[in-house]
Amino acid sequence: MEKSLCMLPAVLFLGLLTHSAAALINTPAPTKSYALINYTTTTRPTLNWTEAVKGESRDGTTPATAEPDIFTTTVRDKQLDTTDTSKERNKKEKDPRDRKTEDDKSKLDCPPLGLESLRVDDSQIQASSYQRSGLGPHRGRLNIQSGIEDGDLYDGAWCAEYKDRHQWLEVDALHLTLFTGVILQGRNSIWSWDWVETYKVQLSNDSVTWHTSMNGTQEALFEGNQNPETPVLGLLPVPTVARFIRINPQTWYSNGTVCLRAEILGCRVHDPSDIYSAHESGSKDALDFRHHNYKEMRKLMKSVTEECPDITRVYTIGRSYMGLKLYVMEISDNPGKHEIGEPEFRYVAGMHGNEALGRELVLNLMQYMCKEYKKGNQRIVRLVTETRIHLLPSMNPDGYEEAYVKGSELSGWAEGRYSFEGIDLNHNFPDLNNIMWDTKEKAADKSKVPNHYIPIPEYYTKEDAIVAPETRAVISWMQDIPFVLSANLHGGELVVTYPFDCTRDWAPQEDTPTADNAFFRWLASVYASTNLVMANPDRRICHYEEFQSHNNIINGGAWHTVPGSMNDFSYLHTNCFEVTVELSCDKFPHVSELPIEWENNKESLLVYMEQVHRGIKGVVRDKLTKKGIADAIIKVEDHDHDIRSATDGDYWRLLNPGEYKVIVWAVGYFPSMRRCNVGMEPNPTICDFILTKTPIQRLKEIRAKGGKIPQDLQLRLRALRLRKLRASTKAINRRREGQRMRRARSSQAWKA
């Protein structure tokens with residue numbers, strides 16, 4: 001997140017208050033008392049934020065509890081800012097004692113309460129009034145998205161019923177909280193324009209007696225929005241401890257009404273008397289939980305390779321439009337080498353630059369696998385030794401850098417989504433779906449239409465084609481390595497989608513399954529059922545679509561059509577099966593959310609990788625030379641999607657449990673058939689194939705080398721010619737007999 005959001009409020013709070021300097025406002029006591037930090041000394045010792053939250057000073061003393069009064073913090077030797085904009089705050093000179101590293105600053109930020117991430121429950125949000133349930137207070141969450149239709153249950157903001165200055169949106173933090181700021185946004189709608197232009201902030205301990213945030217001797221007036229989507233930060237002139245906070249709109253867009261989406265910034269104050277105080281959940285894994293820009297990402301990847309040099313390798317597959325390298329981390333017991341029979345797996349994150357969680361999860365996964373491998377974790381050791389894993393944390397580094405500058409709350413819903421050229425990379429791959437469907441429509445024999453390795457169309461390869469360099473780099477990567485399984489990590493929803501993403505005839509929504517629909521549904525279910533948030537039956541929907549009824553998986557086309565998606569291209573142009581994982585409601589979670597997001601997804605990331613070992617695998621070899629045969633076609637009966645063997649002749653065919661008739665053939669070879677049984681365990685069934693060259697192929701090779709034709713080959717060629725002669729003679733005689741029968745029937749009909 002941006003490092004300056006809450007720096008000053010946190011520093012202000014760290015100052016020790018004198019009893020006379022603290023502006024205490026007496027309020028009626030609520031039913032439960034809360035401990036407030038009550039300083040009575042007149043000196044000002046240095047106090048860091050961690051100690052303040054724990055309620056302890058450096059000398060180990062615990063501040064006395066007090067009645068639940070609101071108090072504001074003041075600092076004697078530093079003049080308070082009288083503006084509420086972060087830009088003007090940053091212009092002020094800082095005391096050298098307060099200068100810290102970027103990492104130190106990020107630790108001092110007061111995080112969002114969690115309206116956007118849904119940590120704040122609907123029951124914690126109240127309002128003075130609302131137009132209807134679809135515009136109720138529970139919809140007043142930063143970046144919440146509406147459905148296409150206005151008037152449904154899932155509209156894009158809280159909207160007050162009345163257009164006056166007595167309207168408010170209230171949030172109950174449940175605990176005493178140091179409130180430091182508000183982020184505001186207008187209504188998300190394609191039909192209406194509504195936003196709040198100015199507002200006031202009110203605070204309370206009991207939701208009965210309220211006090212307005214003051215700017216000196218006057219009530220602070222905060223600047224709101226000038227459009228519906230851009231988030232605007234308003235910092236409280238004086239950070240204030242309370243339990244409840246209200247946003248009180250004062251003016252709004254003249255042609256609109258009182259509508260807003262919001263996030264609240266605040267640091268929870270420790271209360272030792274609250275026995276029900278919930279501890280912040282996190283992770284026991286010692287990983288680098290923060291947002292990494294391009295430079296920091298490179299450092300982290302380098303540190304992992306230095307810690308685990310025997311199983312890791314970093315390589316690049318190309319550059320972004322702005323010249324940033326697309327780095328990939330390989331994890332394998334033999335990095336840099338494809339081992340025969342070992343499947344290749346990939347995770348791709350950051351296709352949309354502002355969907356930052358996937359990037360951090362992939363970086364976490366690198367660290368985790370390295371550390372656990374060194375510890376001897378047998379599950380990780382087995383994955384590393386039996387799988388070649390490739391991790392691309394940032395497919396769109398240009399977009400991420402743009403979003404990173406503004407940070408998790410202020411980057412909005414779309415900033416950084418596209419490449420530097422404004423290209424949506426998820427629509428930028430060749431549309432092979434319609435090429436296949438159109439060819440089948442026109443073909444007399446549909447069984448002869450290619451269902452795999454569909455070539456890239458000529459228009460896509462022209463110099464004036466609008467293809468991002470990032471897309472070209474990934475395509476080359478996919479062509480160079482025989483990937484078997486992949487997942488593309490996105491954000492903004494909680495669902496796993498599977499191909500096809502593109503619908504037939506450009507329908508906006510339509511279930512469009514592949515020939516491997518059953519296995520794709522299995523893959524999606526594996527991730528969704530082990531994700532701690534998706535698997536929670538009580539979770540709130542993110543925006544306006546309920547995926548729980550689909551078990552949190554859905555066909556991509558049934559959700560919305562995406563022509564030119566990476567999932568569809570991967571399936572139709574290569575052997576690789578790929579799904580899209582929408583990881584969280586919040587595209588760019590605050591750094592404080594990263595540990596729990598890792599725990600939510602850790603098991604899913606691991607168990608999904610293990611699915612690369614389902615189905616059948618083997619090597620297709622030449623009978624005489626015993627060498628592997630590249631580009632041999634592997635066809636599974638009743639599965640209208642073939643795959644091909646890799647350069648060394650090895651192949652992997654993902655399949656659900658069952659018995660399958662598998663046919664393999666290659667140019668110049670007789671086909672071979674086997675029955676292969678796939679069990680329930682995630683261990684592949686070995687199905688090797690030995691192919692015999694046709695006599696004609698052997699003859700061509702011998703003649704090309706100028707060698708003498710062996711006698712056995714001469715006899716086989718002679719027998720082959722005789723079989724062809726007999727077959728052609730039989731066909732001719734059958735045709736003659738058919739013509740004779742037709743003439744006889746015609747003659748009888750004429751006589752009659």
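Each residue's number is its place along the chain shown, starting with 1.
Including glycine, each Cβ sits where the backbone N, Cα and C put it.
Residues annotated as active site, proton donor/acceptor in TrEMBL: E582. Annotation comment: TrEMBL describes 75-108 as compositional bias 'Basic and acidic residues'. Residues annotated as domain 'F5/8 type C' in TrEMBL: 108-267. According to TrEMBL, the domain 'Peptidase M14' annotation covers 290-612. Look at TrEMBL and you will find 52-113, 731-752 tagged as region 'Disordered'. What TrEMBL lists as signal peptide is 1-23.
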Counts of helix, strand and coil residues, the region 'Disordered' (731-752), according to DSSP: 21 helix, 0 strand, 1 coil
Positions whose Cβ lies under 8 angstroms from the region 'Disordered' (731-752), at least six residues beyond its ends: none
Arithmetic mean of per-residue pLDDT over the domain 'F5/8 type C' (108-267): 94
